[in-house]
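Participant: Here it is: the structure, laid out below.
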Amino acid sequence: MAKHKEVDGNAEEDEKAEGVQKSYHAAPSKPTNSKPPPLISAASGAMSGSLISACVQPLDVLRTKMQGDAAKGIHKSSVRTVTDIIKANGVRGMWQGTGPSVLRVGLGAGLHFVLLEQLKGLLTTRDAEGKQQLSASGAALSGGLSRAVAAMALCPLTVIKTRMEYTTSDHRRQRYRNTLDAFLTINRVEGPKGLFKGLLPTVLTNAPFSALYYMFYSGLKDKLSSQERPQAVVNFSSGVMAAMAATVLTQPADVVRTRMQLGLSGAAASMSSLETLAAVTKTQGPAALLTGFAPRVLKRTAQTALVWTLYEELVPGLSKAFSFVAAAMAFQQQQKQLPSKPLEHPDAEGKKLAQEKDGSQNSSKRDSASSQNRT
């Protein structure tokens, strides 16, 4: 009876272990939630932002140089500006300021996507059929607020990036060895306020851009999505069209930001954003607000569309990897809680069978001898 209970107990343990193992292997294939964990959003945003920002950095250098020169009354074409930068600093000059740019976009994208996913969860509603939907105003609000927070937090890196980009061909300006040297120098010479110069136009450049972009992006993606079109193509096409529209509407704020952060003519240290805007239009006309528009459109469109496309591709992959690791850790924890069985030597079973055989043989011999003695 006891032996029968022991067999049943072992069977139950084996079934429990088998069930845990099945759940362990099945866990990664379960569909993930519509809102990814903050860690997944941060990692996907940081990876996509850092990679793409380094690729499009020459367009940022060109835009900053054109806007800075225009503040001095120097107007050159994009081709002429690129030629001057390469003559002064070589091809490497086109990647000046890449360090702070990668940090700014990588950290900013990570923070932006984390906040965006949280705000989307709060603003998403369900329709009559029970499907989740995000209205155009909800998309604009979540995109704008998340980018505004990221822009304010990373304004010092924006200032450093802008100044390092503009020193590519202007040897009369303060030059910085690296990002840390720029941070320490600006803080020492201008104080902490210098690291947040142009904060308002920085927010006005980024927050409305992201609000408009995400509103356009969400609407276009919903309309273009279908079974026949690859999702990556839909994401990229939606991103390109949304970025172009949002860039056009935020161009004036970008010109004001550049002039204030560089401290160039028409943007004295005591001037506010509105005063700088008025000075630009008064001295150079409204057309000055479109300076550097071409490289900015190319850069913003390519960067934003590629970052969002890569982000949309990374989130499912990282979510599956995260689920697999979590399931593996849970499986190991459950395995530890199961009753442990003593480990046996590979030859132990064979020795045990041999001993049982010898015992049965000896028993038979004893039975045979006792029967002979009786006779």
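Each Cβ is built from the backbone N, Cα and C atoms, and glycine gets one as well.
Taken from TrEMBL, the feature region 'Disordered' covers 1-41, 335-375. The repeat 'Solcar' annotation in TrEMBL covers 36-122, 134-223, 230-317. Residues or ranges marked as compositional bias 'Basic and acidic residues' by TrEMBL: 342-368.
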Participant: State the mean pLDDT for the repeat 'Solcar' (134-223).
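Facilitator: That stretch averages a pLDDT of 87.
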Participant: Just to be sure I understand, if DSSP states are collapsed into helix, strand and coil, how many residues of the repeat 'Solcar' (36-122) fall in each?
Facilitator: 75 helix, 0 strand, 12 coil
Participant: Of the residues in the repeat 'Solcar' (134-223), how many are helix, strand and coil by DSSP?
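Facilitator: Residue counts for the repeat 'Solcar' (134-223) by secondary structure: 71 helix, 0 strand, 19 coil.
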Participant: On the DSSP side of things, how many residues of the repeat 'Solcar' (230-317) fall into helix, strand and coil, could you say?
Facilitator: 74 helix, 0 strand, 14 coil
